[in-house]
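Trainee: Please read through the structure below; I'll follow up with questions.
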């Protein structure tokens, strides 16, 4: 019955999000393809009542907004003026694919509560898509690649496991630096997630299992904590200097490879006794931390129908049609990814989907390439699509000829897995790009710095899976589970800092090469890094004093440090505190 209840709750969540997506898509199409007379009237009215300006002042205003972004939006109180402002100012143009500011002020200007509800609902859908894509496609490809490449559990744990868990943070950081031009958001989201996991998650684990008197391995903990501290100190130097070149970014990123080498050496010379990273592969904990009873069990459609029928006390024939309707309603968020990401796992194999995915994948890549380039001519765009279409047809015919309907291919799996990995990365990038764009727009709408939303909303959303998985692992896994959970709470955030920010800084500095890339000047970064390092130092002091036993003093101390930091940041964001001469500005 518990399994039926869990399955039913999962179905309800998926159904709710898909229906929400259909509702939002309908609203978007209606407001853009069939704009109401009211919105048109508001726009023309705002244009007509705007005071006349000279050509020189108009050019000066455009020059100001080019350098200052969308900062002038909060100067107006009337939504009619705001609608005109976001339509005519360059800095208010969307960084993603949807113009959220124009939708909010021009379509929901008279109903701001409804506008906030729509944007928050879409934020929930994007978080679901980001996590679901990483869990069901990205991590599945990584696990299979690990088996194909015959990686040891230790190497897989500190490389592919960290990559699978940190994919949302890494891609959100890269997008914020390279696409949105809002590096503050990327820095704060990665550091906020690292702070949340290393303080809140470790604190909750320590409090929950304190009665079990479980100790963690001293060498592994000190190794992870010192490497994490060194990484944060290196980032602090980069922020203090204010700029970084390509070689500096490469050196910063290489710290993680040194960490991998140290972990491998310890595993090779000391074995994997009491080594959390070594237990990861042997205990069978998959990427994104599904463990024990929480691990999703793949069932046939008939079994699911029987369980739903028993749970709802429905007639099996009625439940059959209900299940079909639910399946159709779940397609909007499922089908686009399934048709473009090759999947060759035994339980999810479908030859029609496989053939279509390798055929349509190049077309999606071509569409993404055209959107990433500026001033793409019609001819160039058509050539890109035509070339992608030809490549897709070749791949599709090869897949049709070389695969069976009954089972996935057994040989030459690497191209399939590499293709699945590439397309999972593509979808994760697209979703992260839209998520960052939405958070930037919400920052303008609410009137606070988008970096604060990165530090809180984006960091919490991406770290929620770590909280649930690591706490459950520590509670249900005994001493080994606690060791794995604590190791993940430090190794995972360190990966996000070194690889997420390292790659972001590397791409940004490469675009400026041979000049240096200017680090976003956000004084609050010093506070974030300082509090984060204080939490690590607290753990380094308390745990050895307690003989490496996880207890409440460690947990309450970490929670206190995090909530003190959070109070200061939010108080400054809303103008309640003024520690740097002025409160946050958008």
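The backbone N, Cα and C atoms fix where each Cβ goes, and this holds for glycine too.
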Trainee: Given 94-116, 117-139, 278-300, which one carries TrEMBL's transmembrane segment label?
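Mentor: Going through 94-116, 117-139, 278-300 one by one, TrEMBL gives transmembrane segment for 117-139.
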Trainee: If you look at how TrEMBL annotates this chain, which of 43-69, 151-177 comes out as transmembrane segment?
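Mentor: Per TrEMBL, the stretch marked transmembrane segment is 151-177.
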Trainee: When secondary structure is assigned with DSSP, how many helix, strand and coil residues does the domain 'Sodium/calcium exchanger membrane region' (120-263) contain?
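Mentor: The counts are 127 helix, 3 strand, 14 coil.
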Trainee: With a Cβ cut-off under 8 Å, give me the same-chain residues at least six positions beyond the ends of the transmembrane segment (221-241) that come close to it.
Mentor: 198, 248, 252, 255-256, 259, 262-263, 266, 486-487, 490-491, 493-494, 497-498, 501, 505, 519, 525-526, 529, 532-533, 536-537, 539-540, 543, 548
Trainee: Can you name the far-off residues of the same chain, 6+ from the ends of the transmembrane segment (247-269), with a Cβ under 8 Å from a Cβ of it?
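Mentor: Answer is 152, 154-155, 158-159, 219-220, 223, 227, 230-231, 234-235, 238, 275, 277-278, 494-495, 498-499, 501-503, 505-506, 508-510, 516-517.
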